[in-house]
């Protein structure tokens, strides 16, 4: 017995004639079927739970032709309640083919939806190779040895002559092979330019990059960010050349400065000023009979030079030993 589900829209209660007409049509198509009736809203709100794989056919009645859409969640529930090969017909939407396919239905030419039957996979068993009869091992027979025959040594040895002639033929063949080898190699050489047809030699379209020039004809001082004309590479080469030149000049300057410093040091070593004991005591005013160049260091600061070593000390007499203890009271 077939199971039929009559699915009704909530607005169909105002038109009972549509429900009766749908029931009579279903009774005519399925005379021995069991009919079940539900409102679609009760199924959408989970107030009614449809059994799984139970109905052979579902018919949907919706008098509101402007709102025929069915939620995808309801489609999934209807798909689960249909048996394999079951159909869903009636007032179905025409603009939800993607949702219909995503839920597993197949849209037929008449607009109804069908649940396809699952395709079962058939595993093919591997055929066993046919058993072959046991092969016997090959048998070998020992060749029958021929009796030893006596030969006359006085007769001419024709075998030796045949071997000698065969050796001469082989030598002549080798000489002929090696003599023709060089000419054969020359013939095997092929000019690679002959392999290219004249029509294919100069048919390559060479794309020349556009120069980085301003509209007024002036060249750019600096390459663009995405330079493709080669100006960026030229600038990098110029910068590298400038850096190399600067490094060379700095190296030469440092080398010349080092050499000059060495020369100055050598000159200073050669012309060192050395003072004798007499020269050192010449300016020692504590020694009697020695006076400075100005002869006034002992008179006081008023008579002393700017670089006098006794600057700041009180006047003293020539020959007098000057110590800081004698000036302790003045400090």
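Backbone N, Cα and C atoms are what each Cβ position is placed from, and that goes for glycine too.
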Given ranges 286-289, 290-293, 294-297, 298-301, the stretch to which TrEMBL attaches the annotation motif 'Cx2C motif 1': 294-297
Of 196-223, 224-251, the range TrEMBL labels coiled coil: 224-251
Of the residue ranges 277-280, 281-284, 305-308, the one that TrEMBL records as motif 'Cx2C motif 2': 305-308
Residue counts (helix, strand, coil, in that order) that DSSP gives for the domain 'Fe-S cluster assembly protein Dre2 N-terminal' (3-122): 40 helix, 32 strand, 48 coil
Assigned conformation of residue 308 ([4Fe-4S] cluster binding site) - DSSP reduced to three states: coil
Least surrounded among the binding-site residues, given as 297, 305, 308, when other CB atoms within 10 Å are counted: 305
